[in-house]
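Residues or ranges marked as N6-succinyllysine by Swiss-Prot: LYS14, LYS112, LYS117. For LYS14, LYS51, LYS112, LYS117, LYS279, LYS333, LYS338, the entry in Swiss-Prot reads N6-acetyllysine. The phosphate binding site annotation in Swiss-Prot covers VAL62, VAL63, GLY64, LYS65, THR66. The ATP binding site annotation in Swiss-Prot covers VAL62, GLY64, LYS65, THR66, VAL67, and the record cites similarity to another entry as its basis. Per Swiss-Prot, the feature ADP binding site maps to VAL62, VAL63, GLY64, LYS65, THR66, VAL67; the stated evidence is similarity to another entry. What Swiss-Prot lists as Mg(2+) 1 binding site is THR66. Residues or ranges marked as Mg(2+) 2 binding site by Swiss-Prot on the basis of similarity to another entry: GLU91. The phosphothreonine annotation in Swiss-Prot covers THR165. Look at Swiss-Prot and you will find SER286 tagged as phosphoserine.
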Amino acid sequence: IGEPINERGPIKTKQFAPIHAEAPDFLNMSVDQEILVTGIKVVDLLAPYAKGGKIGLFGGAVVGKTVLIMELINNVAKAHGGYSVFAGVGERTREGNDLYHEMIESGVINLKDATSKVALVYGQMNEPPGARARVALTGLTVAEYFRDQEGQDVLLFIDNIFRFTQAGSEVSALLGRIPSAVGYQPTLATDMGTMQERITTTKKGSITSVQAIYVPADDLTDPAPATTFAHLDATTVLSRAIAELGIYPAVDPLDSTSRIMDPNIVGNEHYDVARGVQKILQDYKSLQDIIAILGMDELSEEDKLTVSRARKIQRFLSQPFQVAEVFTGHMGKLVPLKETIKGFQQMLAGDYDHLPEQAYYI
């Protein structure tokens, strides 16, 4: 635990900090609300992230959580220019290795001098549960140093917060504690709350955290993801059904939520367009049973138009990622928020109804 793994010698430091610490006082916290633009259309439009907020990426196995996190590091961390901390908690060693080498290739990590602005902390799948339980707290402590000592706006990426809970469950079993629901540790809510309360914005700086959350068997009522829900400002839910349609990122536009989706924060235009998009998608969802039984021909002309627009909107929410260029062969795109709002506004107005569905993939 605490050893460098990149074969570049010992870490030279004079300052040490305990990984268990108290959350900041209420008086030191900042309450300003500001949107963090990611360049990912479906996120910025329908469930925007708050600067200094806690964001959860929910999804089952192989729906694209880690790829989305890597794209956020690529888009936000580079544009934002501040410090980033990545805590790899109980995930695949290969993914951690890939991320490290990609950061070197893209210049986020500079091996020649001290200009790098990212810290990587790993406790991968093969590590004992004690190491996996501590690595999330270690990453958080590093982020707190950048916020409190250097006054930075820090981005903290945790992949995967479920493994933090899982490691706590294993440690609890080794200690002989009586398990709670579904075999989790009896201190599940306390463990999660103690960590999450430290991730906040103070008057010195901010920590914006993006946490990938594995959902066991795609069950959002499982105690581990359900306990995490209470602490989040925004949730991005990745859907297997959308991934099966070949739409990536496979973000569910109806299940994903954000606390700052408020006209007083994002503005009336953004709010109205987002709610208009969600209304069409919800109407389409409610018509799907009728379509399955009776077919499209039995729908009214108005419903046919709703279905047509909804299918086009679904495809327009897709986007090629820069970090996935090697797999898809398509160049990644970063879309400004103004362009996103304008594009969907024109779609809702029917300006592009004459175009076929295929035209809506970027």
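Using the three backbone atoms N, Cα and C, a Cβ is placed for every residue, glycine included.
Structure coloured by features recorded in Swiss-Prot.
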| residue | record | DSSP (3 states) |
| --- | --- | --- |
| LYS14 | N6-succinyllysine | coil |
| LYS51 | N6-acetyllysine | coil |
| VAL63 | phosphate binding site | coil |
| LYS112 | N6-succinyllysine | coil |
| LYS117 | N6-succinyllysine | coil |
| LYS279 | N6-acetyllysine | helix |
| SER286 | phosphoserine | helix |
| LYS338 | N6-acetyllysine | helix |
What is the interatomic distance between the Cα atoms of GLU91 (Mg(2+) 2 binding site) and THR66 (phosphate binding site), given in whole Å? 10
Given the binding-site residues VAL63, GLY64, LYS65, THR66, VAL67, which one's Cα is the least distant from that of LYS333 (N6-acetyllysine)? VAL67
All-chain count of other Cβ atoms within 10 Å of LYS112 (N6-succinyllysine): 6
LYS65 (phosphate binding site) and LYS279 (N6-acetyllysine), compared by Cα position, are separated in whole Å by 26
Check: same-chain CB within 8 A of ATP site center, minus VAL62, GLY64, LYS65, THR66, VAL67: GLY59, VAL63, LEU68, ILE69, ALA212, LEU238
How many other Cβ atoms are found within 10 Å of the Cβ atom of LYS14 (N6-succinyllysine), counting all protein chains shown? 4
Neighbour tally for LYS65 (phosphate binding site), based on other Cβ positions within 10 Å of its Cβ: 25
By Cβ count within 10 Å, point out the most packed of the binding-site residues listed: VAL62, VAL63, VAL67. VAL63
Spatially, which candidate from the modified residues LYS51, LYS112, THR165, LYS279, SER286 is nearest to VAL62 (phosphate binding site), comparing Cα atoms? THR165
Spatial neighbour of GLY64 (phosphate binding site) that is closest, considering only the modified residues LYS51, THR165, LYS279, SER286, LYS338 and their CA atoms: THR165
